[in-house]
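J.: What follows is a single structure, and I will ask about it in a moment.
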Amino acid sequence: MMGSPRWKLAAVTLLVILGCLTPVSGDEHDHTYTDKEEVVLWMNTVGPYHNRQETYKYFSLPFCAGSKKTISHYHETLGEALQGVELEFSGLDIKFKEEVMQTTYCEIDLDKAKRDAFVYAIKNHYWYQMYIDDLPIWGIVGEADENGEDHYLWTYKKLEIGFNGNRIVDVNLTSEGKVRLVPNTRISMSYSVKWKKSDVKFEDRFDKYLDPSFFQHRIHWFSIFNSFMMVIFLVGLVSMILMRTLRKDYARYSKEEEMDDMDRDLGDEYGWKQVHGDVFRPSSHPLIFSSLIGSGCQIFSVSLIVIIVAMVEDLYTERGSMLSTAIFVYAATSPVNGYFGGSLYAKQGGRRWIKQMFIGAFLIPAMVCGTAFFINFIAIYYHASRAIPFGTMVAVCCICFFVILPLNLVGTILGRNLSGQPNFPCRVNAVPRPIPEKKWFMEPAVIVCLGGILPFGSIFIEMYFIFTSFWAYKIYYVYGFMMLVLVILCIVTVCVTIVCTYFLLNAEDYRWQWTSFLSAASTAVYVYMYSFYYYFFKTKMYGLFQTSFYFGYMAVFSTALGIMCGAVGYMGTSAFVRKIYTNVKID
């Protein structure tokens with residue numbers, strides 16, 4: 001029994017990791033109350049209105065708290081910690097269905113330093129956020145007069161809480177009591193609570209925060225319809241062109257088979273059949289290539305599963321639940337990465353499979369964590385709430401090493417053993433065939449640059465809605481639209497990469513693996529370019545922290561999108577190439 005403490009420690013550690021991974025409700029109760037039961041008003045963060053991610057602790061401004069100090073413990077989830085949620089008790093005494101007349105709960109001794117802090121906050125349009133029973137409330141710190149010389153602080157929080165039975169279903173805040181900021185004075189902070197019956201159902205209490213006029217606008221529907229018509233047109237065009245062209249190619253190659261050797265030598269042989277001995281040659285840098293394909297397949301799986309979960313469950317009703325769900329799903333789908341990356345690396349004759357497995361497992365986490373680590377330095381310098389705590393960093397590292405890596409290893413072993421044997425329809429020549437000269441627009445670099453235009457065109461309207469929900473004060477909830485756009489993006493990407501690969505092979509250039517991947521992945525370049533347009537023309541962001549946060553995480557988002565599109569494009573093109581070379585007779 002000497003080893004029992006170690007087993008207990010291991011069990012506790014495992015439970016902590018699983019607790020961080022599992023998307024749970026971020027509150028200490030089940031949203032039901034009895035009469036006169038304590039209702040907690042949490043103060044979350046404060047920050048400039050135009051910089052949504054630049055947030056600070058509420059009491060970093062010289063606000064004062066109420067006199068009530070005792071409160072039950074609050075548990076933070078991993079998603080909340082990463083998103084900078086900093087809940088602190090307000091100290092206000094609020095009880096269920098018990099009204100409170102205007103009551104002073106504290107006083108601020110306003111010296112020059114405190115006045116300057118409030119003036120700075122008012123000049124930069126600082127807003128603060130509070131929570132009652134997981135329902136968010138926003139209020140403004142103060143306002144300036146028309147000349148911008150005098151500044152006023154809102155000192156009276158007028159709360160109106162709606163209840164249905166024993167549940168809270170609505171919260172409204174009215175800021176009153178405008179007081180001019182004068183140094184060396186005392187400002188009284190007050191609040192009142194009014195309870196009213198409401199017909200709103202508990203399940204529908206978040207509907208007031210949604211914006212159907214924005215997300216279900218006619219333009220949104222039109223963009224989906226437009227993208228859908230583009231898919232029908234593109235699929236029809238690709239099918240017609242390729243079927244007719246391939247039929248002619250097959251007829252020409254069959255005719256050549258009937259010629260004798262003299263006629264065949266004198267004939268003008270050209271086209272994709274000529275590279276049959278090189279088309280299945282391993283790509284350059286197979287280790288990196290297979291790791292990218294595996295990571296792209298995993299990102300696609302995560303996107304699909306998270307969107308389905310978001311369609312079924314209203315993830316926006318719980319703080320940090322979307323991020324927690326994404327981390328949980330990403331860790332759980334690690335075998336997908338290992339399977340596709342490991343099997344592709346084995347097919348291409350790779351021998352350093354352990355190194356490939358490590359690169360595949362840590363490619364995306366290293367990119368995300370590296371960017372977060374860089375932005376974290378700026379957040380610490382700013383004393384922002386977005387600074388990730390050390391304990392959260394340790395939890396993320398534990399997830400990477402003790403969940404993602406073992407599952408990736410399982411997927412790699414399965415991929416190498418189940419589908420790692422090269423079963424190509426054509427034999428690969430020992431000596432590579434020289435690539436003939438071709439016109440400039442058939443070069444792989446040109447194809448890569450042009451390949452991402454159509455996929456980007458099918459999603460850029462949806463990008464606007466996604467950007468607005470993340471960088472502005474909107475809650476994205478139309479995940480059915482997002483699912484349609486994901487399907488449309490995949491179809492358009494596969495069609496475009498197949499056409500690009502056909503033209504490349506027809507020019508007798510067999511370097512199609514990287515070309516198909518990069519031509520699809522170039523969608524990310526256009527998305528990142530669009531993010532510059534969105535930043536300068538659609539937002540009023542400013543400052544080092546918000547700018548670095550925006551462009552840093554937009555680079556992560558664009559890169560992940562590019563890897564996903566590249567993997568989808570390659571998988572579709574690979575099936576196409578295998579199909580056309582299976583159907584042609586090779587000597």
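A Cβ is built for glycine as well, from the same backbone N, Cα and C atoms used for every other residue.
Pasting the relevant annotations from TrEMBL:
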type: SIGNAL; residues: 1-26; note: signal peptide
type: TRANSMEM; residues: 221-243; note: transmembrane segment
type: TRANSMEM; residues: 287-311; note: transmembrane segment
type: TRANSMEM; residues: 323-346; note: transmembrane segment
type: TRANSMEM; residues: 358-382; note: transmembrane segment
type: TRANSMEM; residues: 388-410; note: transmembrane segment
type: TRANSMEM; residues: 445-467; note: transmembrane segment
type: TRANSMEM; residues: 479-505; note: transmembrane segment
type: TRANSMEM; residues: 517-537; note: transmembrane segment
type: TRANSMEM; residues: 549-571; note: transmembrane segment
J.: Please determine whether the transmembrane segment (388-410) and the transmembrane segment (445-467) are in contact (criterion: at least three Cβ-Cβ distances under 8 Å, sequence separation 6 or more).
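T.: Counting Cβ pairs under 8 Å, fewer than 3, so no.
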J.: Quick one: find which recorded stretch in 358-382, 445-467, 517-537 has the most Cβ pairs under 8 Å with the transmembrane segment (323-346).
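T.: Against the transmembrane segment (323-346), the leading stretch is 358-382.
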J.: Look over the recorded stretches 358-382, 445-467, 479-505 and say which has the most C-beta pairs under 8 A to the transmembrane segment (221-243).
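T.: By Cβ pairs under 8 Å, 479-505 leads among 358-382, 445-467, 479-505.
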J.: How about long-range neighbours of the transmembrane segment (479-505): same chain, 6 or more residues beyond its ends, C-beta under 8 Å?
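T.: Tertiary neighbours of the transmembrane segment (479-505) are 215, 220, 224, 227-228, 230-231, 234-235, 238, 241-242, 245, 272, 275, 279, 300, 303-304, 307-308, 310-311, 442, 444, 447, 450-451, 454-455, 458-459, 462, 465-466, 511-512, 515-516, 519-520, 523, 565, 568-570, 572-573, 576-577.
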J.: Among 287-311, 358-382, 445-467, which stretch has the most Cβ pairs under 8 Å to the transmembrane segment (517-537)?
T.: 445-467
